[in-house]
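S.K.: Shown below is the structure under consideration.
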Amino acid sequence: MNAIDELLQGYGRFRAGYYPQKQELFDRLSREGQSPRVAMVACCDSRVDPAIILDCSPGEMFVIRNVANLVPPYEQAGTYHGTSAALEFAVLDLQVEHVVIMGHAYCGGIRSLITTEPAPGRQREFIGPWMDIARDACKVAFDRARADAAHPARECEQAGVRASLDNLRTFPWVRDREAEGRLQLHGWYFDLDQGELLALDAETDRFEVIEAPIPESLERHAL
Ligand SMILES: [Zn+2]
């Protein structure tokens with residue numbers, strides 16, 4: 001079966017199952033518009049779909065996906081700022097309460113910064129300049145990781161999340177809302193090997209595994 005036909009099989013399941021089950025929700029979202037409380041910056045990587053990892057319903061999360069889940073610094077130059085425009089809409093118009101940057105293991109964008117071997121994105125026309133956002137932070141993390149014999153790629157992927165959080169705080173309307181307690185910023189990391197989410201601890205500056213709450217349906221089973 002060709003790839004589009006496979007997708008359309010999925011669309012058939014959505015039409016027959018998901019959509020009618022969620023009809024009321026879709027009706028309400030059509031009528032009232034969206035009002036997500038969380039904006040998520042995630043990577044384009046096909047393995048790390050935030051809505052699947054977090055089992056979200058439509059309307060729950062405003063998702064911005066780009067190469068290596070990066071946030072550029074605040075810039076006023078009149079060029080094409082896709083990620084900044086989406087963040088502006090999420091923060092100023094939707095007035096989300098949280099912005100989450102979600103990095104992940106085996107990120108090809110980050111790998112292009114730290115390997116001399118052929119990697120997706122190396123020597124590409126647009127990816128290289130885009131990845132400059134995380135280049136310095138990755139270099140520092142890579143050198144430190146090599147000295148400590150830790151896993152360099154993971155250190156660099158997590159450094160990219162920290163750099164994006166720093167850049168988020170260069171946007172005046174993010175900085176102001178965070179200071180007023182109206183907006184919280186989070187750094188997360190999805191570990192593909194374990195299927196685990198980690199969160200950046202602001203005090204230790206380390207990523208720690210998030211304890212997954214037991215789903216209510218399973219809790220009832222256990223009782
Ligand atoms: Zn990635």
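Cβ atoms here come from the backbone N, Cα and C positions, even for glycine.
Pulled these features from TrEMBL for this protein:
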type	residues	note
BINDING	CYS43, ASP45, HIS104, CYS107	Zn(2+) binding site
S.K.: Counting Cβ atoms within 10 Å across all protein chains shown, which of the binding-site residues CYS43, CYS107 comes out on top?
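M.R.: Result for the most crowded candidate: CYS107.
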S.K.: In the structure shown, which of the binding-site residues ASP45, HIS104 has the fewest other Cβ atoms within 10 Å?
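M.R.: Counting other Cβ atoms within 10 Å of each of the binding-site residues ASP45, HIS104 gives the minimum at ASP45.
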